[in-house]
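Copied over from TrEMBL, here are the features:
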{"type": "COMPBIAS", "residues": "189-209", "note": "compositional bias 'Polar residues'"}
{"type": "DOMAIN", "residues": "650-701", "note": "domain 'Kazal-like'"}
{"type": "REGION", "residues": "154-229", "note": "region 'Disordered'"}
{"type": "TRANSMEM", "residues": "12-37", "note": "transmembrane segment"}
{"type": "TRANSMEM", "residues": "57-76", "note": "transmembrane segment"}
{"type": "TRANSMEM", "residues": "88-106", "note": "transmembrane segment"}
{"type": "TRANSMEM", "residues": "396-417", "note": "transmembrane segment"}
{"type": "TRANSMEM", "residues": "437-460", "note": "transmembrane segment"}
{"type": "TRANSMEM", "residues": "480-505", "note": "transmembrane segment"}
{"type": "TRANSMEM", "residues": "541-560", "note": "transmembrane segment"}
{"type": "TRANSMEM", "residues": "580-604", "note": "transmembrane segment"}
{"type": "TRANSMEM", "residues": "611-632", "note": "transmembrane segment"}
{"type": "TRANSMEM", "residues": "720-745", "note": "transmembrane segment"}
{"type": "TRANSMEM", "residues": "757-778", "note": "transmembrane segment"}
{"type": "TRANSMEM", "residues": "817-834", "note": "transmembrane segment"}
Amino acid sequence: MTCKQIFNSFQYFSGVGTFVVLFGLASMYVGILTSYLGTQFIWLERLYDISPGGLKMMVTMGEIAFLILVLFLSGLARRWHMPRTLSITTFIIGIAALICVLPYAAHKPELTPPPNVTKETQYTMEKFKMMAPTCTVNEAMRNELTAILVAPTDENCEPLDPGAAPVVSQGSGPPGGSSSNDTAEDSGDATNSNSSLDDGAKNLTSPTNDIDPEPAQGEPPAPGPTVMMPDLTKIATHSIFETLASLAKAQYNVDLKALSKLSREEQQEAMMNMPPTMRQSMPALKAMLGENADSYFYPVTLPQSRRKRQADLSSGNQTDTTTEANEALIVEVDPKDQMLKKLQSDMNWNGQLAVMMSTSFAEMFANPCTQKKIQEFIASMCPYLTGPFLEDKESAATLLVALIVLGMMLAGIARAAHPAFSAIYVDSRSSERRTGVYLGILFGLGALGAVVAQLLGFYATTTYITMEDVGLMTVINPRWLGAWWVGFLIVGVACLILAPILFFFPNPRDKLISKQIRVKGVTKVAKNFFRSGMRLLGNPIFLLITLGNALTVMAADGMLRHLPKYVESAFSLPPMEDGLYLALAVSVIIVVGVFLGGLIATLAKLSPFSCLKLVTACAIVVFILQACALGLGCEQPKISKGEAMINLTSEETVQCSQTCVCMDFVYMPACGSDGVTYFTPCHAGCGHPIDKEWHHCKCIPDDKQTATFGLCEQECWGGVFYGFSFVIALACFLVALKSVPAFLAMFRSVEREDAPLAIGVNAFMVTLIGVIPSSNLYSSMFEGICLLERQACGPVDTCAIYDVEALRLRYNGLGSGLKALAALLYVVAMVLGFRENSVFSRKTHEAGRRK
């Protein structure tokens, strides 16, 4: 086969249909690039600590670069070789995408290695849900909150002397006979951890009749458990002692001042006879003593009980029959009953902590500084506060911003030639009737880019950043980082492969193209550009259609970007579920609508004016559908804070949640078995979770008294939500259906020599008025209507509860207003098109004469 035959065989694939498919893929890659970055904001924010505003700025820089050159390059569409220009710009877009990968490559060696996650430490969504605050006392939280309450602060809420040790009398030792130094030495072997102190408190709770204070005559005392005993004489020298004494007197009727004057032996005997709840408060006592708290305790080895010694001596003589008999007597205890027994001695669940806060610590608890510190403490427990992932985060963030901005701007400059060059090429190489279907394919593949970007973003999110096997670590883990760079790499490589193929398509043979190529000199080119621009400005139909297109894109783009958040907030649905699925389904519907719009325009052989009529009809129906969405929404979800009345004592009845110390700024809703949503499991009076739900929720007025994570099912989740989904999906389908006819109406509303610049002006207006401001405009709809800020955990300044009625009116009201204005512009353009001297009438008469 000769070279000429090979060349002729390749010419078979150089038709406009092949070009449309290949350049449609290039348009899809561009759509992926412009949409993909938004799906990876969470990882870039976590890894580089860049604000959401900074991330949005990087995307906007690409749009600004597009605006700068789109008019200039559009005017040169018929002067340059169109396929080669598109090939070169596609190649540049590939390079731009690979530039966005460089920040990862530069700082990959500095990444903190992923943690070794075992099955026991695996962080799952269920574990996250079970972190919700309950009406129980967590030891770490109790100690920290107690320390916050008793810590002295200045007017700026700063510690008066954070390094100061507790005030201790230096003159005299305790009556037990040992000095302060001896006590410190005696306690030196004791561990400083809370667990050891908890064990000591647990040992102190043993029944007193289990201990042999006086062993049998002639029997040496056997060593028993070692506990940490508080030295009340030494504690009496601490500045917090007066508060401790009044608290013990009020809660347990124990006179600590009298006990502090006793000997150590007498104090030990008194401590063993104290109420169990007071013996269990030893960890809280340690927290209240502050630094060097261990020096106020000393170890004591308790004697072993006689029953235990006898059991140990006789255990070797027990027969298997006795063992089997004992095992037969063991009755399996229900975990719920075990929990209830434990809860009855819990200071929070039984109401003691609430009484304490309303009496002894009421003034300190109401102090603004105390409230601020409590909020800071709750925020510090957020699992997403993970610390830096990079050694030099600031330089890495600077490099990331510089390279991403460079890549996005380079891509914006390159794609500025795409709208005019691709449309003019298709129009020049196809008949007027076939242009619609080709543009439908071209625009449909471009719209498909947003869908692929979401899928690619999901893949990158669920893949670890280094793409290595991290075992049981999942995306829920606070140390997880998604492979944000993968999408850029795929787009870059795909563009570099596709670009050389586009280079070999022939330039169309057109008399108008040949005429413009012969125009030489910058002055003549500038004059032609100026004249074309003036003719476009004097064409009211073109301007009205262009503004209508821009407003349509503003409404559609902003609505789709914020649809998941709106669905989550307005319908109180779980995040990242129904809203995300609806947005993805609508994106697919848009792709189908764009293709069908081009197909209808071709099969129905619609004239430009008929296209405008179809566009106007669709715009009016879309406005009506959007207006209908104003009435489709949920009522404000009712969140209970445990308003049910219960008996605190035999003489006092109070609101249930007042018997639990709960944080009203920590919003983690729980659905009670009574069908009521509670602010937190704590406000429902719940104990510890068992089998993914909380039990013994004393504030839930039913027999079951259980709760699960999340909001209870709303009445509007059925028909109302599905009705809203149908209305939005149909509206988006009609918007997509009219996109190709709207482009054809705009394209045919100008003279043929002005078409390239007209496409550029349309792209310029759509980007300037539609794309760039839409995100900020719709974001502002969520401002000023937040009923509860999510301060304790999660991104800064995010909202936990919105005013759903105000949000529904704003979101759908803005969309209705923009679509009504767009429909009005189309109607005016259609009215002007009916005039005899309109461009549509003139072109219709010219076509009739040619026939």
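Numbers here mean position along the shown chain, with the first residue as 1.
Note that Cβ sites are derived from N, Cα and C of the backbone, with glycine treated the same way.
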Original post:
Cβ pairs under 8 Å with the transmembrane segment (720-745): which stretch of 12-37, 396-417, 437-460, 480-505 has the most?
Top reply: 437-460
Subject >> Surrounding residues of the transmembrane segment (57-76) on its own chain - C-beta under 8 Å, 6+ positions past either end >> reply: 34, 37-38, 401, 404-405, 408-413, 415-417, 419-421, 525, 528-529, 532, 756-757, 759-761, 763-764, 767-768, 771-772
Subject >> the transmembrane segment (757-778) in contact with the transmembrane segment (541-560), cutoff 8 A, at least 3 CB pairs, sep 6+ >> reply: yes
**OP:** Tell me, please, if the transmembrane segment (437-460) and the transmembrane segment (88-106) are in contact, taking contact as 3+ Cβ pairs under 8 Å between residues separated by 6 or more positions?
**Re:** no
Original post:
Are there 3 or more C-beta pairs under 8 Å linking the transmembrane segment (541-560) with the transmembrane segment (396-417), counting only pairs at least 6 apart in sequence?
Top reply: no
Original post:
How many helix, strand and coil residues does the domain 'Kazal-like' (650-701) contain under DSSP?
Top reply: 4 helix, 12 strand, 36 coil
**OP:** Determine which residues of the chain contact the transmembrane segment (817-834) at the Cβ level, with the cut-off under 8 Å and only residues 6 or more beyond its ends counted.
**Re:** 540-541, 544-545, 547-549, 551-552, 554-555, 609, 612-613, 615-616, 619-620, 622-623, 626-627, 745, 840-841
Subject >> Cβ contacts under 8 Å made by the transmembrane segment (12-37) with residues that lie 6+ beyond its boundaries >> reply: 55, 58-59, 62, 83, 86, 90, 93, 96-97, 100, 404, 408, 411, 415, 418, 422, 425-426, 429-430, 438, 441-450, 452-454, 456-457, 487-488, 491, 494-495, 498-499, 501-502, 504-506
